[in-house]
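J.: Structure provided below as structure tokens; questions to follow.
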Amino acid sequence: MSERQRFANLLRNCAKNLLFDQGLQAHGGVVKMGLQLDLMLNNHLIDMYGKCGRMDLAYSVFDRMLERNVVSWTALMCGYLQNGNASRSLSLFRQMRSSGIEPNEFTFSINLKASGILGIPQNGMQIHGVCAKTGFEWVPTVANSIIDMYSKCGRISEATRLFNIMPVKNLISWNAMIAGYTLEGNDDRALLLFRKMQEQGEVPDEFTFTSTLKACSGLGAIWEGSQIHASLITRGFPCSIRATIVGALVDLYVKCGDLFKARRLFDQIELKNVISWSALILGYAQEGNLLEAMELFRQLRESKHQVDGFVLSGLMGVFADFALVEQGKQMHAYTIKAPSGLDISVANSMVDMYLKCGLTDDAERLFGEMPVRNVVSWTVMITGYGKHGLGKEAINLFNRMRLDNIEPDGVTYLAVLSACSHSGLLAESQEHFSRLCSDRQIKPRVEHYACMVDLLGRAGRLKEAKNLIESMPLKPNVGIWQTLMSACRVHGDLDMGREVGEKLLRLDGNNPVNYVMMSNIFAEAGYWKECEKIRKTVRMKGLKKEAGRSWVEIDKEVHFFYNGEDTHPLTEKIHEVLKEMEKKIKEEVGYVHGVRFALHDVEEESKEESLRVHSEKLAIGLALVCGGLGNGEKRVIRIFKNLRVCGDCHAFIKGLSKVLNVVFVVRDANRFHKFEDGLCSCGDYW
């Protein structure tokens with residue numbers, strides 16, 4: 001065997017087994033033997049350095065080559081792609097073609113993958129065009145890469161068209177298409193294709209099962225997922241050591257609400273990966289079992305696995321939803337030390353957590369410290385300002401974002417329009433809505449129109465709001481009619497409210513929210529017979545609205561309350577302090593129970609009792625019992641509710657903020673309310 005061949009074999013082995021130090025020594029030997037200009041050996045060196053993550057050395061070898069062929073260029077592109085620099089790969093592809101060297105199937109495949117990773121269909125389409133002209137389009141490796149690229153770029157129809165006309169399909173073709181449907185959220189089609197490929201004699205592999213199980217998770221199809229699980233066991237598939245499959249199975253059982261099966265499977269895994277840890281931790285957290293979630297998170301930290309950004313972002317999302325400030329701050333402290341804490345997605349989740357916990361100052365500070373911001377970062381902050389009623393600040397931030405050369409997407413426009421809506425900034429919202437409609441890259445959605453309907457409704461311009469819905473180029477959904485219905489209730493427009501209510505019941509007759517809205521508008525107008533008729537329909541249909549739930553964090557412990565709940569050990573003291581507060585605000589600010597928010601067919605005293613046990617009042621009562629009456633200093637009490645705060649509770653908290661000199665920050669389903677000195681930041685429109 002020649003020295004040249006011996007070096008080639010050695011470098012191939014170093015690349016395969018990631019032996020950087022040995023590869024470096026081999027490079028020294030190549031130079032010593034005077035073979036540094038050998039084309040084949042230089043190509044092996046580029047490949048070895050790329051696989052070992054040393055792109056600086058790979059490029060250095062490439063740059064000194066007097067002669068390059070398609071293998072040289074492709075090896076360098078592959079290295080950049082494998083090391084997370086897809087843009088550099090595409091740039092080299094353009095340079096290679098300019099130099100007169102024609103790509104081969106591997107060059108095309110690598111750069112189609114790079115286009116998919118970047119989500120830029122234009123690049124991928126150009127490469128597809130070159131493939132078609134040069135006869136590579138139907139080479140299986142290239143055709144599969146084209147399908148994968150279109151799927152990842154959100155062009156699933158193009159991927160499907162190509163898949164359907166492929167002269168030869170292999171397992172990778174089916175896998176690419178199933179993964180594409182799953183990625184798009186078209187889980188039904190993914191399962192259909194899974195069945196079809198088996199009917200045509202194709203045997204699924206690990207990648208097929210992983211994508212198909214993800215599709216089952218998306219559909220909540222536990223029966224189909226369990227069938228696949230049983231099939232894997234029957235085939236003797238080594239699930240316990242195939243980390244991706246078992247991770248997908250754990251995720252399936254978690255998403256379908258079977259945490260017992262998920263945990264049993266998780267405990268059987270020999271080689272646990274971050275996917276399975278993530279699925280189970282987030283499953284427990286989302287179910288409200290935060291103690292178990294945090295215990296698993298502790299075990300994950302102590303294992304040899306690196307906690308990835310997905311887990312951190314997911315947990316931050318749970319803390320944000322439940323407004324768990326202390327746990328969120330602890331997680332923030334951990335992310336400072338963890339390598340994945342530098343991920344932009346983690347930073348975005350932390351900003352979101354602080355905003356949803358009502359801590360705008362902390363969110364602003366963290367946002368200002370971020371070394372890099374993307375469109376999500378700005379959108380999270382704009383959304384937060386909007387929820388806090390800081391519409392002007394949201395608009396200023398939107399303008400700053402554009403000055404920073406970050407282009408808004410549809411979600412960003414929704415955030416700024418929503419912020420205008422919460423602050424009643426009609427002129428500003430019309431300006432931004434007009435800009436959105438003239439943006440060729442973004443199409444307005446029904447949600448954007450709903451913000452404009454809300455603003456017009458807030459201003460009492462109900463006819464304009466209704467005309468906007470009826471003239472918009474999109475089919476109105478339930479949400480936009482509900483927005484108009486709310487405005488009709490606020491302004492007491494019974495005729496329009498009745499008309500809109502009838503539309504809602506035709507569109508979505510099994511949604512209890514629509515009946516509640518209709519009932520409320522009749523109750524406030526004193527039309528009790530119509531009100532009772534609607535409630536009777538609800539009872540006959542067996543519909544139940546979501547139960548009102550509020551919570552408050554006291555001394556690092558979260559206390560949850562449902563309407564009418566009397567299981568808390570301090571219930572008696574809570575009722576005593578609430579009665580005392582009612583008396584105080586009646587005497588000092590003239591508070592009167594909003595009994596129209598209670599049942600009309602009971603005695604006045606019973607109505608007042610039913611209003612006293614609303615969940616937000618019980619949470620406030622506990623905060624006052626536990627020291628909220630203060631010592632002269634202005635204290636801030638934070639309350640969180642899963643539904644919209646009712647009118648009586650809103651009036652009660654306003655009065656309470658005045659007589660106690662306490663600031664109440666209440667987050668409901670719509671927004672934040674800051675009650676101070678008898679006023680609310682929402683301006684009594686929410």
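Backbone N, Cα and C atoms are what each Cβ position is placed from, and that goes for glycine too.
Annotations per TrEMBL:
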REPEAT    38-68  repeat 'PPR'
REPEAT    69-103  repeat 'PPR'
REPEAT    170-204  repeat 'PPR'
REPEAT    273-307  repeat 'PPR'
REPEAT    343-373  repeat 'PPR'
REPEAT    374-408  repeat 'PPR'
DOMAIN    590-686  domain 'DYW'
J.: From the DSSP assignment alone, can you count helix, strand and coil residues within the repeat 'PPR' (343-373)?
T.: 23 helix, 0 strand, 8 coil
J.: Can you break down the repeat 'PPR' (38-68) into helix, strand and coil residue counts using DSSP?
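T.: Counting residues per DSSP class in the repeat 'PPR' (38-68), I get 23 helix, 0 strand, 8 coil.
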J.: Could you give me the DSSP helix, strand and coil counts for the repeat 'PPR' (374-408)?
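T.: Helix, strand, coil within the repeat 'PPR' (374-408): 26 helix, 0 strand, 9 coil.
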